[in-house]
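Trainee: What follows is a single structure, and I will ask about it in a moment.
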Amino acid sequence: MVVDVLIKDISQLITVKSGIKAKKGREMQNIGLIENGWIAIKENTIIGVGSGDIGSEFKIQEHTLIVDGKGKTVTPGLIDPHTHLVHGGSRENELALKLKGVPYLEILKKGGGILSTVRATQNSTLEELVNQSKKSLDRMLTYGVTTVEVKSGYGLEIDTEIKQLEAIDILNKQSNSDLVSTFMGAHAIPGEYRHNPDEFVDVVINEMLPIVAEKQLAEFCDVFCEEGVFSIDQTRKILKAAEKLGLKSKIHADEIISLGGAELAAELGVVSADHLMAASEEGLKMMAEKDVVAVALPGTSFNLAMGKYANVRKMIDYGLSVALATDYNPGSCPTENIQLIMSLGCLYLKMTPEEVISAVTINAAAAINREHEIGSIEIGKKADIVIFDAPNLYYIPYHFGVNHVDIVIKNGKIVVKEGRLI
Ligand code: NIG
Ligand code: FE
């Protein structure tokens, strides 16, 4: 077999060996570490993985690119399974409000928060949205993120929702990253429906969803299920309608108030339930039984600064597959830095570095239904690989807040070198 790219002498090769399945509970500790490892790539696929000398069945030719992995830690391309990447404007004005003690949901109630980003997004052209989002997407890639889930939800009316989804589609086609698209028309109640939110639910179901489905612009549907936003019944109604049109489901569940979002996630058998800072133990156990991936977003807890983090130790005890994501958005978590999220996972969610690696690779892949093609370094999977300038995996979350990426390989090609886009 002819090899196009060979990464050799890798000090710590983290394969996350898992086949095509998410890691549940204690399995998250097993990350398939190989010392003195190598990876062989042909075109955009991994064709060999091992330790020591590369086998004689692999042909190294003149064109073969050989990358030295000495002193480096290598992981699968990282996956960010929850972002609100595409939006207009920014919300630095909310920092002062937060410091004065104004709660996140209070800012939203007064027409700020998500609703102020809705105005900025409505006022942006498609081109402006693509350009602004491309900057963040490229930054994510330099941090080692090769696949990103992106939600709409800053339109709250069909034209802007479609504009956001089109921006996601354009970025998916034009950038080196892979994007997975989620329709989130039910992200907030627009001001004009404040007194009759059920009417807006009907608009989402009867007017928005059929157009989104027809244009095939989204793979998932997500709802912000929260007190004062969408109730359990409204969320159930929207996600059932979405499923009928062929969209898979996700829920922003039990972020601030314990509403029963985790229980609903289990009842509907959604692909992932995200946030879960206020989820009940019963709800988490029900999710484990239904194989719902729990996506924890410690950057949001950190930035909301309410001292409330998801109980990931319990989730792991209950046998849940836990993933981590940035939740990148202009309000509750304006950061693209997945490596910072990994540090917060260790420091505030009390996850081990091994569990954190599983959470940003195979389990993050499962949170967006991609575990069959990405999330581990195994024969047949996509050649999405990150080479960290770090002597071992512990170094990455330990030395926090900075970028440790040296090289990113996306689809078999080097796209980041010395931490910079090439
Ligand atoms: O996941 N919680 C709801 N939605 C986003 C925040 C969006 C915003 O504040 O703009 C989240 O945290
Ligand atoms: Fe979110």
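Cβ atoms are placed via backbone N, Cα and C, with glycine included.
Those TrEMBL annotations? Automatic predictions, nothing curated.
This is the feature table in TrEMBL:
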- 73-415: domain 'Amidohydrolase-related' (DOMAIN)
- His82, His84, His252, Asp327: Fe(3+) binding site (BINDING)
- His82, His84, His252, Asp327: Zn(2+) binding site (BINDING)
- Arg91, Tyr154, His187, Glu255, Ser332: 4-imidazolone-5-propanoate binding site (BINDING)
- Tyr154, Asn329, Gly331: N-formimidoyl-L-glutamate binding site (BINDING)
Trainee: Round to the nearest Å and give the CA-to-CA distance linking Tyr154 (4-imidazolone-5-propanoate binding site) with His84 (Fe(3+) binding site).
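Mentor: With distance taken Cα to Cα, His84 (Fe(3+) binding site) is 9 Å from Tyr154 (4-imidazolone-5-propanoate binding site).
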Trainee: Which binding-site residues among His82, Arg91, Tyr154, Ser332 have CB under 6 Å of ligand 1?
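Mentor: Among the binding-site residues listed, those whose Cβ sits under 6 Å from ligand 1 are Ser332.
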Trainee: Give the mean pLDDT for the domain 'Amidohydrolase-related' (73-415) on the 0 to 100 scale.
Mentor: 97
Trainee: Output: those binding-site residues from Arg91, Tyr154, His187, Glu255, Gly331, Ser332 whose CB lies less than 6 Å from an atom of ligand 2, in sequence order; none if no residue fits.
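Mentor: Among the binding-site residues listed, not one has its Cβ under 6 Å from ligand 2.
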Trainee: Taking the centroid of the Cβ atoms of Tyr154, Asn329, Gly331 as the N-formimidoyl-L-glutamate site, which other residues of that chain lie with their Cβ within 8 Å of it, listed in sequence order?
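Mentor: For the N-formimidoyl-L-glutamate site the neighbour list reads His84, His87, Arg91, Gly113, Ile114, Thr117, Gly153, Pro330, Ser332.
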Trainee: Looking only at Cβ atoms, how many others are within 10 Å of the one on Arg91 (4-imidazolone-5-propanoate binding site)?
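Mentor: Cβ-Cβ neighbours of Arg91 (4-imidazolone-5-propanoate binding site) within 10 Å number 20.
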Trainee: His252 (Fe(3+) binding site) to His187 (4-imidazolone-5-propanoate binding site): how many Å between their Cα atoms?
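Mentor: His252 (Fe(3+) binding site) to His187 (4-imidazolone-5-propanoate binding site), Cα-Cα distance: 9 Å.
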